[in-house]
Structure formats: C-alpha cells, structure tokens
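S.K.: Would you mind keeping the following structure in view while I ask a few things?
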Amino acid sequence: MKYSKLLLLLVSVVQALDVPRKPHAPTGEGSKRLTFNETVVKQAITPTSRSVQWLSGAEDGSYVYAAEDGSLTIENIVTNESRTLIPADKIPTGKEAFNYWIHPDLSSVLWASNHTKQYRHSFFADYYVQDVESLKSVPLMPDQEGDIQYAQWSPVGNTIAFVRENDLYVWDNGTVTRITDDGGPDMFHGVPDWIYEEEILGDRYALWFSPDGEYLAYLSFNETGVPTYTVQYYMDNQEIAPAYPWELKIRYPKVSQTNPTVTLSLLNIASKEVKQAPIDAFESTDLIIGEVAWLTDTHTTVAAKAFNRVQDQQKVVAVDTASNKATVISDRDGTDGWLDNLLSMKYIGPIKPSDKDAYYIDISDHSGWAHLYLFPVSGGEPIPLTKGDWEVTSILSIDQERQLVYYLSTQHHSTERHLYSVSYSTFAVTPLVDDTVAAYWSASFSANSGYYILTYGGPDVPYQELYTTNSTKPLRTITDNAKVLEQIKDYALPNITYFELPLPSGETLNVMQRLPPGFSPDKKYPILFTPYGGPGAQEVTKRWQALNFKAYVASDSELEYVTWTVDNRGTGFKGRKFRSAVTRQLGLLEAEDQIYAAQQAANIPWIDADHIGIWGWSFGGYLTSKVLEKDSGAFTLGVITAPVSDWRFYDSMYTERYMKTLSTNEEGYETSAVRKTDGFKNVEGGFLIQHGTGDDNVHFQNSAALVDLLMGDGVSPEKLHSQWFTDSDHGISYHGGGVFLYKQLARKLYQEKNRQTQVLMHQWTKKDLEE
C-alpha cells in the first residue's frame, strides 16, 4: 500500500540501548570509503524512524498503524494488546489507498486515494468514508474524479468538512451541503492559494473546527488582481516532447505586486449560517492572516493572528462567535526586523478554578529571545514561562490535567535541542533528557500527554524509546538502528566537529566541519563551503548528518575536500538581534560572514588556500552569487544552484518580510540584487550555474537573467558554465536530473582540486574582443 506503514512496536521491555550513543558523530571503525553510488544514487546507510498516529478517542496511549499484512490495527502501548480495525482485504480502493484518518470515536475511517500532487504540501484525491462495524464504504462525493483538495473529520459528531474546486462543503452522515458557491481560479475557500501554502500556513488546509465541533472557522483568499506567472513544461512527462510546451499559470505575487486578500468566516455547522469575522486590524490590502486558533473549550472565541504586509506589525484579534464582535487582545511592534509566524497558539483555559481569566500559550521573541508566554484571552500583559539567552523552538504537547507544557529549546547550545516541561502554575522547569550532553532530541506525545516516543536525532546514530511521563526510564526501545551501527563499522567516515568562529563585531558564527577520513595535518586539503544562510534558517545542528554528497566529497580519495557549513548572521536560534541584522539588506552581511570564514580557513596550515570552493542551493545559491560578486579573492570556485538573483523576481510575502517594500527600500533592493560582474570574471576556477526550467518557486527567470548579465558584461566561457534541467522543479530530480547534478558538481570539484595556478587560456580571454 502507498500509505506509510507504521510497524508494530517492539513488545519486549528494555531499560537501555545495547549500544550507548556518544556526544559526537561516528567516524566508523573500518577502512572503506563512501562511494558516489552509496551516497547519491542510493543512500545505502540511512537510519530509520517510526511514527504513530496517536488516537484521541481511545484510552491514552493507543495508536493506529498499518500492519505488515496491510490491515489497520490499533494497539495500546500500556497493555500491549492489539486489534484489527480494518482488514487488509476490506480497505476501499486497495493498493491505491494513499492515506487515512480515524474518526475520533473510532467508528469510521476517512480514506484518500487516487492522489495527484499539486504544490509543496497540497494534493488532489478521491475520498471514501468507511464504517468500521459494517466495513462498508461510500465516496465522499458520488461524482468525485480525484479532485477533492482537502477533507477533515470534526472532533465531535459524524461530520466532515471538505473542499472541492475551491468551494467548501460539509458532509453530515452522508448528506452533503455546499457552503460556498463562488470558488474558482481566483477564489479559494478553506484551502490556501500558492503563496499562503508556501510562505504563511505551510500546509494544505485553511479550516479549523471548534473543539466541540459546532463551528468551523475558515479562510478565504481572493486572488483577483494578483499577477500570473507562467511556467513552461517542455516534456510534460512524455517520452517525446510535444510541439508546444504545456503551460502552468500560477497566481504569483512578486515584490510590490497585488497580494491575495484574505477573510475569516465562521460557519455554524447545525444551521449552515456563515458570518464573516471583522478582522480589520489592518487594511484589507495590507492584511496577512498567519494563524487561526480556537481560544475556548467549546466554540465561544476564535482568534486570528494578523500581520501587516511586511510582517513587522502583529495583532491577535479575538472574535466572539455569538456577537461576531472582534477585539485586539495582543499587539506587537517588530519594526527592528520582522515577526515570524510560528503557528504556536495553544488554549489552556483558567489556571486556577477561581481565575476569571482564561489563557493561551504562545511563543514570542519580544525579549530578544523566543520564549513561552501565558497570554490572557481577554487581553493584557503576557506572563513569561521561560527566559534566558536561548530560545524555545517548538511546543510539543500541553497536559492540561497536570498543567505542563512540553517543549524543545536551545538552552544548552543553539545547535542542539533538549526536551523540557514547564509548569504553567508553578513555573518549574524540568528536563526530560540529560541537557548537559550535546544532542538533538524530539518527541511525539500521546493524545493526553501520558506517553511519548522520545527520538534521539544525533549527532550519533538516531534511536527511539517509549516513555511514560511519570518515569525517566524507558518502557521499551522502538527503533535502535542496529543495522546502521553494524554497517558503519566497516567504514572510515568523515570526522564531523563543531566550533564557534568569532567575528570582529563580537558575534560568533556556528561552524560544522567535516575532515576527510585518514586526515593528516601534514597534508594540504581543498575546502568546500556549503551554506544555506537564509533568514531564520539553521544548517549547523548536532543532528545525525546524512551520509550524502557532502560526506562523499570528503571521502572520495580523488577529492578529499574539507567541508565547512557556516551559519552566518541572519540565521536562526541565536536571538532576535542576530537574525534581524539582515533586515532590508539581504546578501550583505551573509556574504561578508562567508568570506570572513574563508579567509580564516585559508590561514590554517592544512587548508589549500588556492582551492576554496563554495556551493549553495536556493538561498544558498543566491548567497554564493553574492559572495562571488564581492570579488574578495577568498574563493576560487563557485557552484550556484537554483538561485534568486534579484529579489524583485521572488514572491512578495517572503521577500517583503525581510526587505520591506520596493517603494520604501529601493536602494536595498538594488544592493541586494546581483549586479556586479568583476568578481565572476576574477574567480580563478570559474563557476557553474544550475537551475530547473520547471521551478515554480524560484523561477528559472533568476538564472536566465543572471547568465545574461554575465555574458553581456564579457565574462569568459572559461569562467562561466551553466546547466539547465528540463522541467525540473526547485528540487531538480526530473528525468535523472538529481544524479546528473551531483556528478557535474563532483566533476567541478575534481577539476578545481587539480587546477594549476597558471591556467592555459584561449586567446579570446587574453585580450579584449574587438567590435
């Protein structure tokens, strides 16, 4: 079956792993070197993990998984008892089943099949409702043709909200009611358009049932006036190219262009009455709704987190569903940078029975560091639950009975994640793992927070264990990745270390270094910088580092590159000041930091300062371009993959968050664009530009314009190399494009390592061309 198989958890109880993990990445015990085929063509050594779909309608600790025979099975981790929910031969559409969602009372299953991917998160599918007792199933819509965009169970009752052709519908015990009738190419109800899916909500839905199931809040997006961008597909998934390319037309607002307008509506499930909520925190053309959350146990209050267009002003607007009256209960000025949409609002209610106020929990960085706060639903000053020069990265679960919030933070170091709980009644903080040891943890909690699967994510080989929140001893091991531990014994792996590089300005940059196997300080090694560097991003972490292309270039005896990944200013989890420094000037400080790091690396005796490369993808490709443009001489090779070259070409909601509008920052946009060519002319080993022609995110336009600039200004063909990947999107994988890309990159690195300082050049590079 195509849906994820969530395998049966191990029954035997173990108190500890057979092989304890170390606070550093493994280096292997053997002599084998990683090969291209093992790291790129197929990642042969890859740890696995298991996830479960915790059930809210059963005893806490129950979850559902697909057994080896394909049947849906419910198991309780306390009793180790299991029962079949749906036999494999009774699953509707059989092997075409793509995913499933269990009704909260376990009476029915909602199946998706015949799915077609749309954008990063969204897909179209057919949906079926199956009764668990009779095993009979019915289509959500009798005439469905793989065209339903989203469907979701209500938490109470036998109701499903779903979206088809951008219109909202409600399914009640088999009866379908159409709620909206103006959905179409320019109007979306309950699902996001491209830009909200990609940049704001990060998901494929825009509807939320109230906790009691009596109301549904949903967003609508009107794209009237939003400019269209056309992506051409030359092969269109055919063996022989059609005479005319297939064209995908996307409403794609670029900088200073018209954005979609957004509204919040409230649907009474029983009466089917719809009211538009008055979210007038900003003018309609200046409004972004980033989050919707019910601040109630029933349906009395719903809140919208509203931002202005450039996302440096924020207001939380609470709406009373009975009166449809809106009140601003929280506001924030973030004009020193930007305000991230963290999607972290969680209702907890009154803290004490005598309290008149109810509260919700949210993450805010208004102190300069991202921390947990209690916010009164009626408005007022927030109460801090955590504080310090470190950041809370996510809320994992809230146990309202014990009044505990479970969260991850960088308290030990910005490159690490440790698991804690904090009481929102006593403010006591408790680590659930040893937070004095370098590690990268995460966890998945049961519906009532009584149990959790703890995942050790690195730097050593990952594993998972099952815990009860009443004990610090594991109930059992879920995944030990013993196979990976055994595999790596035969290899000599790159040695990964971490350090902080001080800047002259006083800040420090996190650096992850890979040294080739068998490293000797008596040799000289070329070095490859591999930045991403985008706002709020983080590449330097103590996660398990995949044995991928970066491991290969350090391992291949004909390459043996040292690699440095440097998180420059603007990246995340080091405080607001550090990340906000790049506001209105993307590409400036980031490039300065990468150049400074390269200059420091060049002073290391075992680094070959004549062969220092840099390669980045997406924002990393843009950053590589800006580094070369600086003409610092610090780098001798650049590989630029799927870059932005001019921020006017990218979408408005991402770009204006950091750069603000073109009319208020024209100089900043001009400086941030790649405009100067001398650095490209002077980079000794040349550079390579790669891009997919079907990229619907960072459009091929960026690389086309960059190459035109460089050619037009006389950059020689010895220096300028470019590669287009037909119909590939931002990930570059279509028709073998991914393997080709990495082969090409390996070839460039080999050529750079063996490049002599005196390069033989054709005569046209030795003198100016005459008209």
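Any Cβ shown, glycine's included, is placed from N, Cα and C.
Swiss-Prot lists these features:
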- 1-16: signal peptide (SIGNAL)
- Asn37: N-linked glycosylation site (CARBOHYD)
- Asn80: N-linked glycosylation site (CARBOHYD)
- Asn114: N-linked glycosylation site (CARBOHYD)
- Asn173: N-linked glycosylation site (CARBOHYD)
- Asn222: N-linked glycosylation site (CARBOHYD)
- Asn470: N-linked glycosylation site (CARBOHYD)
- Asn495: N-linked glycosylation site (CARBOHYD)
- Ser618: active site, charge relay system (ACT_SITE)
- Asp695: active site, charge relay system (ACT_SITE)
- His730: active site, charge relay system (ACT_SITE)
S.K.: Round to the nearest Å and give the CA-to-CA distance linking Asn80 (N-linked glycosylation site) with Asn173 (N-linked glycosylation site).
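M.R.: Rounded to the nearest whole number, the Cα-Cα distance is 33 Å.
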S.K.: Looking at the active-site residues listed here (Ser618, Asp695, His730), whose Cα lies nearest to that of Asn495 (N-linked glycosylation site)?
M.R.: Ser618
S.K.: For Ser618 (active site, charge relay system), what residues in its own chain, 6 or more apart in sequence, show a Cβ-Cβ distance under 8 Å?
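M.R.: In sequence order, the residues whose Cβ lies under 8 Å from that of Ser618 (active site, charge relay system) (at least 6 apart) are Tyr532, Gly534, Thr641, Ala642, Pro643, Val644, Val698, His730.
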S.K.: If you measure from the Cα of Asn173 (N-linked glycosylation site), which of the recorded positions Asn37, Asn114, Asn222, Asn470, Asp695 is the nearest?
M.R.: Asn114
S.K.: Tell me the Cα distance separating Asn470 (N-linked glycosylation site) from Asp695 (active site, charge relay system), rounded to the nearest angstrom.
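M.R.: That comes out at 49 Å between the alpha carbons.
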S.K.: Roughly how many Å separate the Cα of Asn222 (N-linked glycosylation site) from that of Asn37 (N-linked glycosylation site), to the nearest whole number?
M.R.: 48
S.K.: By the DSSP assignment reduced to helix, strand and coil, which category contains Asn470 (N-linked glycosylation site)?
M.R.: coil
S.K.: Reduce the DSSP letter at His730 (active site, charge relay system) to three states and note it down.
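M.R.: In the DSSP reduction, His730 (active site, charge relay system) maps to coil.
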S.K.: Can you tell me whether DSSP puts Asn173 (N-linked glycosylation site) in helix, strand or coil?
M.R.: coil
S.K.: Hey, which of the glycosylation sites Asn37, Asn114, Asn495 is the loneliest by Cβ count within 10 Å?
M.R.: Asn37
S.K.: Measure from the CA atom of Asn37 (N-linked glycosylation site) to the CA atom of Asn470 (N-linked glycosylation site) and give the result in Å, rounded to a whole number.
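M.R.: Between the alpha carbons of Asn470 (N-linked glycosylation site) and Asn37 (N-linked glycosylation site) there are 46 Å.
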S.K.: So, three-state DSSP: helix, strand or coil for Asp695 (active site, charge relay system)?
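M.R.: The three-state answer is coil.
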S.K.: Within 10 Å of the Cβ of Asn222 (N-linked glycosylation site), how many other Cβ atoms can you find? Include all protein chains, please.
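M.R.: Counting Cβ neighbours of Asn222 (N-linked glycosylation site) within 10 Å gives 16.
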S.K.: Is Asn222 (N-linked glycosylation site) helix, strand or coil when read with DSSP?
M.R.: strand
S.K.: Between Asn37 (N-linked glycosylation site) and Asn114 (N-linked glycosylation site), how far is it from one CA atom to the other, in Å?
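M.R.: Cα to Cα, Asn37 (N-linked glycosylation site) and Asn114 (N-linked glycosylation site) are separated by 33 Å.
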S.K.: Relative to the Cβ position of Asn80 (N-linked glycosylation site), how many further Cβ atoms are located within 10 Å?
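M.R.: For Asn80 (N-linked glycosylation site), the count of other Cβ atoms within 10 Å is 13.
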S.K.: With every protein chain in view, what's the tally of Cβ atoms within 10 Å of the Cβ of His730 (active site, charge relay system), excluding that atom itself?
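M.R.: The answer is 18 other Cβ atoms.
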